[in-house]
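Chemist: First, the structure itself, so that you have it in front of you.
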């Protein structure tokens, strides 16, 4: 429960509010000063809508709406002259920026994963100290790192990347398991194997 934002996109509302508060409180940050009132209001609206789109509770709604535009044979695709279509593309783009950890190289992915898992455990500790139920994947006494990443990649990141790619907007392509063989040098492969072995050992240790 969050009284401040009435339980709705609490973290995302906080992000947007904190960013605008910092932005408007420091004149040296105000690169929007040349805009008139109407332009500023429009820009503020677009930024807030983009940030609020990163709420994962709304993920599948955005994905379904975007797929209806780019993967439906009966659709005319994205209409770049339509403001709502342009906003939707912007929202999906920032969503990709928000969850793109698994799309990075393995080393960077592991670092991002470690960071988010530590945040999860800190939240779980706080929930436990307050006598609240510990949220899924946030109980450090019952780690589920591998399951968390498998589910995140399979159900969240992969489908969104594929949809963005289907629209011709992804500067690259989403590699499924087994794709891109031979793309790395032997040295890179050895480094990746070492990192993967370390990750596997950590997962095993966490599960004991």
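For all residues, glycine too, the Cβ spot is worked out from N, Cα and C.
These figures come from a predicted structure and were not determined experimentally.
Take a look at what TrEMBL says about it:
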type	residues	note
DOMAIN	1-208	domain 'PDEase'
BINDING	98	Zn(2+) binding site
REGION	172-208	region 'Disordered'
COMPBIAS	177-208	compositional bias 'Acidic residues'
Chemist: Which of the three DSSP-derived classes (helix, strand, coil) applies to residue 98 (Zn(2+) binding site)?
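Modeler: Assignment for residue 98 (Zn(2+) binding site) reads helix.
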Chemist: When you measure from the Cβ of residue 98 (Zn(2+) binding site), which residues in the chain that are at least 6 apart have a Cβ under 8 Å away?
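Modeler: Listed in sequence order: 54.
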Chemist: Could you tell me the mean pLDDT over the domain 'PDEase' (1-208), as a whole number?
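Modeler: Over the domain 'PDEase' (1-208), the predicted model scores a mean pLDDT of 84.
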